[in-house]
Amino acid sequence: MSAPTESEQRLSYETRDRLYQVALYGSAALFTFIILFPIYWMVQNAFTDSQAVITEFAWFPSPETVTLENFSVLTAGAVPTYVINTIVVTIGTIVLVVAVSLVAGYGMARFRFKYKESFAQFLLLGYMFSPIVLGLPLYLIWSETGLLNARIGLVIALSAISMPFAVWLMWKYIQTIPESMEESAWIAGASRWRTFWDVVVPQTKPAIVACALFAFAIAWNDFTFAQILLPSQDSTTFAPGIMRLIDQGGYTSWGDIMAVSFLMTIPPLLFAYFLQEYLLKGFEVRTR
Amino acid sequence: MASETVESTAATDRRSVTERLGLDSEAIRGWLTVLPVILLYLFVAVTPIAFAFYASLFEIPLLAPEWTFTGFSNYVEVLNMGSFWSALWLGGLFMVGSTVLQLLVGLWIALVLNKISYGQRFLTAVAFTAYLVPTVIVVLIALFMFDVEIGVLHIAGSNLGLWGERTFALGDQTWAMPLVVLIGSWKFSIFVTIFTLAQLRAIPERFYEAAKICGASRWEMFRDITLPRIMGVLLIAVLLRAIFMFNKFDIIWMLTEGGPAGATTTLPILAYRTAFLENSYGLANAMAVIMFIFLAIGAYCYFRAFNPAKEVDT
């Protein structure tokens, strides 16, 4: 290989660097487009007159067809019930997951007991639970115990699959809180429970937020468990409910569907943006 | 005298048992704190799996639950079903296709995110967006975009000649599976990105500076510095993605219900159909047990290869 002159080398390096920058930002733009276009499409059609959605194809919203009418889907029919069921189940799951994982995480961080490590290992098996494998047998178990078609049954199932992450996070987080503050509270005469509640819990706020977010994502996203465990049309959550409506062919107003989809997407999007650090923190515990 | 001896041996026995289990008052309180977790696991994971195995030994028509013991004949039946083997094949196809695509795209996004200096926070939020949009919304948007009348992707595809003007792409024999893989990967690629990103950020900048001085090209830097350092985490991501995609039910069912003509019927779809549409609950549980065995093998590989608990500690 003959040695290139200095100027040739610099030029080629600069060109290559420019190409690299183009490829880098080109990729970034491409990903942004691929991810955001479907979301843009949903939002645009959510605000478009439902007749215009079907008849006139348009890339951009036009003032004549912009409307809020589609959102009236939330005031009548079965959809509001589904949305409320999803909200109730999600809140229930968050509360149960945070409560159970706080207590367990505290116990694992502060008490010494044999087999604790093996127990923690065993918990990690929970990552392998697949809703479809568990859901099939749970169907008959739930129907025997009266939990079928009950929102609490779904809350229990969703909480269980959120456990490994939540408990590990709480455990690791509480380990980083110095025990000395609790000790001084004991010396001042506080009970163990009171110390836990007044000294430990306020300090675990970031971990609580991360656990709550994780439980939210699991519950808000769930389809499989709800489809199997809430088979009745009236008591089910949004995902199976709307799919069954579409299947029955009684519901094909895309404007309405995009409107309610948009509303269901807002909470996760807000979390994605404003709680990024918490999410990344959670993932760090999960992956490392 | 005799009674005393008995008593004292009982006492030592009791002590030795509690000692062996380490059950002093601290340990009891410790176990009490994790009791709710254990109960949840027992109720939602251990019992169902045991129950699935038990139920798989019976013939159970779901609508009239009268159990008839049939031993292992459900398993024999499953293994003799043509649809089982085709579901296994399609499931494998779906798993491999999704995992490879998600690995490539996810890694690509991670590398880009790690290198860009403008708009990093924005692009991170965008990437998270895809992961957090609920599956049902992804499906609804996809169904809308592939709608035969007004779907933007349907029109684009038929203009490009990929499918006919009146063909519903997700209901098309050749397109259903690739599209389900693509739509799933739209959502799940970011999983690989998030896994890799922390590891990428931990690579010291001086390694690259040193390589640059030695005249290494960007490809050589990637191959010799970046790749070896993220290999471990990539393997974990691939294994987890493969396990998750093999057991994926929701996105496939919502998009195609396993159709057209079984073109997207993977194992989870087949098990669901068998239980709730063909009314053979025992047979479906045999399939659930088989899926669980696959899961257990995957989990075993995962724990043997990576010891995740050790990694969480550090």
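Note: Cβ is positioned from N, Cα and C throughout, glycine not excepted.
Computed from a predicted structure; not experimentally measured.
As annotated by TrEMBL, domain 'ABC transmembrane type-1' applies to B:88-302.
Per TrEMBL, transmembrane segment is recorded for B:38-64 (among others).
Here the transmembrane segment (B:84-110) has long-range neighbours at 78, 127, 177-178, 180-182, 184-185, 188-193, 195-197, 200, 234, 237-238, 241-242, 245-246, 248, 252, 262-270, 287, meaning same-chain residues at least 6 beyond its ends whose C-beta is under 8 angstroms from one of its own. The transmembrane segment annotation in TrEMBL covers B:84-110 (among others).
The transmembrane segment annotation in TrEMBL covers B:122-146 (among others). Sequence-distant contacts of the transmembrane segment (B:122-146), counting only residues of its own chain at least 6 positions beyond either end whose CB sits under 8 Å from a CB of the stretch, comprise 109, 112-113, 116, 152-154, 168-170, 179, 183, 186-191, 193-194, 250-251, 254-255.
What TrEMBL lists as transmembrane segment is B:175-198 (among others).
Nonlocal intrachain contacts for the transmembrane segment (B:227-246), taken as residues 6+ away from its ends with a CB within less than 8 angstroms of a stretch CB, comprise 91-92, 94-96, 98-99, 102-103, 106-107, 184, 188, 191-192, 195-196, 199-200, 202-203, 266-267, 294-295, 298-299, 301-302, 305-306, 308. Residues or ranges marked as transmembrane segment in TrEMBL: B:227-246 (among others).
The transmembrane segment annotation in TrEMBL covers B:283-303 (among others).
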